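What follows is one structure encoded as structure tokens, with my remarks underneath.
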Amino acid sequence: MILPVAHTKIHPDQKLGESVQQLLLTKIAVYLMTFLIVTVAWAAHVRLFQVIELIDDVLALLNLACMMIITFLPYTFSLMASFPGVPFGIFLFSVCAVVIGLIQAVIVVYGFYHPHLLNQQIQVSENQNFYKRHILKIILRGPVLCLLAAIFSFFFIPLSYLLLGLVIVFPHLSRFITWCKTKIVGPREEEEASYSLETFSFYLSEPLSKERVEAFSDGVYAIVATLLILDICEDNVPDPREVGEKFHGSLLEALSEYGPNYLAYFGSFVTIGLLWFVHHSLFLYVTKATRLMGLLNILSLAFIGGLPLAYQLTSEFAEKSHNEIEAIQVSCVITFFASIFQFAIWTTALLHERETLHPFARYGGKEHAFMFAKLALYPCVSLGAFFLTCLLSEFSTEIFHLMQIVIPFAFLALRIFVRISLTVIKSVMSLSRRKVVLLEEEEACLSPTETHS
């Protein structure tokens, strides 16, 4: 899903204000929607293989077919983003999602037909048919919505997009409705019987494990970094004939024209690397990821996937693009949302710190203060750079490059700054406590004399 957005080409002579409405906003909106749908399918796939623990040759081939269809989804997304008003792109994406759901359903049916492949808890259960019906109902909800989206794509395209968006929110909406019914009416017997199945469902109470969330996140960061490397290898190698004719065989002179491209590459790569470092540091302190933390992490990863687009826009500075200010602002917005959702993960973890955080990282400790400062750095700097480019548009490029240079050194100096700040705060607090103690002692000394008089 990231690749079509990363390869969005805007000619330097083309005004970004017009192209945003026609191209960028459409691609970004469709990208966010399809990325979130894929994460829903990924979560369902993870839960599926928590129910089926052993795999034979048939299941391996079925899973391979499922993966083949999933890898085809970026192509269908490209069609949707490039031709948002044409039904076939939406139809093809929806049909792929339906086929993925059907293959997962076949995997469930095959697994229950061979019970030795199932989870031990389900193997010994006397209600295997109930388990199978319940799991199939969960798996097929998304594909049913996608099937309706495919049908309506030929009649009313906005309704198709609405149905695809419903695939994302439906799990959370369904859980919220169930919670409201439980509070008003009370739990039904069927719900109580299905309570043991909640660890399977990607939209019921039990979240994905911390390890699965980290593995998926590392995969996204690795793909984004790889796309940056491929872009600079593909677009910034001079043509041998041009080097011979224009630069008289001087490769160094030819490469000097790509200076801004290299600067944009290193700046973008450092941004991705530091955001991954912050993400890694955050989950070192996390013992358990809640459902809300998982959702915020997916939203952060969705904007991380937009960083190659930011590189494409800022690398055009070498061609004296007319869109420097807009390109910088788009880059700042992408970085801001990618980092602010990481900050929101930490805030959410603090709300349930006894359940989600290690004791040494909880509220009030030194590590908590350092983590807070580390997570707040990118949102503050990107937001500051955005507003500075609005106020000082003539120096927008210099401000952006200064931001990229300063942040790595700020990370290095952050722990020293936090320690100094904590020392100053403790000193001020101790002085204020001393003053309070002295006042209390003076009052204690004065009170006997007042009583005697």
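Glycine too: its Cβ is placed from the backbone N, Cα and C atoms.
TrEMBL lists 28-46, 58-77, 89-113, 142-169, 262-285, 292-311, 327-351, 372-395, 401-425 with the feature transmembrane segment.
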The transmembrane segment (142-169) vs the transmembrane segment (372-395): 3 or more CB pairs under 8 Å: no
Same-chain residue ranges lying at least 6 outside the transmembrane segment (401-425) that approach it to Cβ under 8 Å: 263, 266-267, 270-271, 274, 277, 366, 369-370, 373-374, 377-378, 381-382, 384-385
Remote residues contacting the transmembrane segment (89-113) - C-beta distance under 8 A, at least 6 residues beyond either end: 34, 37, 41, 44-45, 48, 51-52, 58-59, 62-63, 65-66, 69-70, 72-73, 76-77, 79-83, 128, 131-132, 135-136, 139-140, 142-143, 146-147, 149-150, 153-154, 157, 160-161, 164, 167
Chain residues outside the transmembrane segment (372-395) and at least six past its termini with a C-beta under 8 angstroms from it: 274-275, 278, 281-282, 325, 328-329, 332-333, 335-336, 338-340, 342-343, 346, 403, 406-407, 410-411, 414, 417-418
Positions whose Cβ lies under 8 angstroms from the transmembrane segment (28-46), at least six residues beyond its ends: 1-2, 4-5, 66, 70, 73, 77, 80-81, 84, 93, 97, 100, 104, 138-139, 142, 161, 164-165, 167-168, 171, 202, 208, 212, 216, 298, 301-302, 305-306, 309
